[in-house]
Amino acid sequence: MLRTGGRRAVASWALWDWGSASFNAVIVTFVFAPYLTTGVAATEEAGSQALGWATAAAGLVIALVAPAAGTRADAGGRHRFWLGFHTFVVVACMAAMFFVRDTPGHLWLGLVLLALGNVFFEFAEVSYNSILLSVSTPSTVGRISGIGWGMGYLGGLALLVLLLFTVINPEVGWFGAVDEDGLRYRIVAVLAAAWFAVFALPVLFFAPRSPVPSGSEDSGQAAARGQSGLFSSIRLFLADYRRLIRRIVRMWREDRLTLRFLIASAVFRDGLAAIFAFAGVLAAGSYGLSASEVIMLGVAANVSAGIGAIAAGWIDDRVGSSAVIITGLVCLIAGTVPIAISDSPAVFWTTAVFMCLFVGPVQSSSRAYLARITPPEEAGENFGLYATTGRAVSFLGPVMFATFIALLGYQRAGALGIALVLIAGLLLFWTLRRSQSGSLSAERSSS
């Protein structure tokens, strides 16, 4: 049985994931970021380097601020409000990308908008993940988390296909989209923004209000929240971090299961991120796929990952998140081997689609695992830490990918570096055990 929101709340919550794919799939991965590096920058190398710096800067901001953002949302039980605010900023950044023309002078405008979008998207996800506890029960959290992840992948698929045949491929696409002045890609950004805005609305109206933790603010904090100006904002930020530090110390003393999970998941989630980050690079560089073929690979990858995430959600509720995570990681590790040893495009296509079948389940069950061991009143804080720990080790995948290429001398060897990151995450996760008291467990019963 669902919590108070019922089916309507679950559907509206999952639609946000469907809409958010416009940012991840279209802006970050397959369309707009490549436009910045190949169409806007003076050279592809300069564009890629600048994109790397902008992404790193965004990651640093997220690592520093995400936990405090979660704490702030927890304090007032205002996850829905902050989800709406952060989503609005992301949509505004996407729409503003229309002004990024295909000249080097517009590169930094595009990078700043992309970096800001990344920062506020991560903040939105902290609140979004926290709402999961309000639309599910311990017996349904795996299923509902899987539905959300699956909707995200399928939303990305739907939008990529729509844009491919209406804006990207036609000689003159919708709204007069042509290659001149980068208009084709600028229109894509606006359409992606509209897609996100429309599908983000339902959760803001129909998701249940999150619980407010008793005694979550002292009088000083409450006063600071009622003040305006830079000084009070800094004071509030520092107060949130003091509370966060106390939470981590308490977690170390009383709830090491959660702390150890955050560390383990940070490692294997970085391996998952590396799979997506370098799939397109490998497709074009090692297997000779064209730009259209890379987009079609993205479509196939989203179909596979969406099916896997939705199916694994039901499995998660029956056998537990741990079994899904371990099985998925083992299959992903195995999938890196054919990529490393074969230069056949057919082998790459088959292996990539196979691996994506397990990426979604690991992501979904990781979120469900944390939701099961998190009290509702600490959801924002824990999911803020979830975002931060993931960013704290976000260098592992890229470093290992580059290191193995340098050591072995060919691009496909980078897959073995990603495999090592996944193996490290798997080993860390494998060591998790039930707490001695039995009161906290990754497989908390629904009864």
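In case you wondered, yes, glycine gets a Cβ from its N, Cα and C as well.
Per TrEMBL, these features apply:
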TRANSMEM  21-38  transmembrane segment
TRANSMEM  50-69  transmembrane segment
TRANSMEM  81-100  transmembrane segment
TRANSMEM  106-126  transmembrane segment
TRANSMEM  147-167  transmembrane segment
TRANSMEM  187-207  transmembrane segment
TRANSMEM  257-282  transmembrane segment
DOMAIN    257-447  domain 'Major facilitator superfamily (MFS) profile'
TRANSMEM  294-315  transmembrane segment
TRANSMEM  322-340  transmembrane segment
TRANSMEM  346-362  transmembrane segment
TRANSMEM  383-407  transmembrane segment
TRANSMEM  413-432  transmembrane segment
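Highest Cβ pair count under 8 Å relative to the transmembrane segment (50-69), across stretches 81-100, 147-167, 346-362, 383-407, 413-432: 383-407. Of the Cβ pairs linking the transmembrane segment (81-100) with the transmembrane segment (294-315) and spaced 6 or more residues apart, fewer than 3 are under 8 Å, so the two regions do not touch. Residues of the same chain lying 6 or more positions beyond the ends of the transmembrane segment (106-126) and with a Cβ under 8 Å from any Cβ of it are 20, 23-24, 27-28, 32-33, 36, 40-42, 47, 50-51, 54-55, 57-59, 61-62, 65-66, 69-70, 73, 82-83, 86-87, 89-90, 93-94, 96-97, 99-100, 380, 383-384, 386-387, 391. Sequence-distant contacts of the transmembrane segment (21-38), counting only residues of its own chain at least 6 positions beyond either end whose CB sits under 8 Å from a CB of the stretch, comprise 44, 47-48, 51, 90, 94, 97, 100, 102, 107, 110-111, 114, 117-118, 121, 152-156, 159-160, 163, 168, 182, 185, 188-189, 192-193, 195-196, 276, 280, 291, 294-295, 298, 302.
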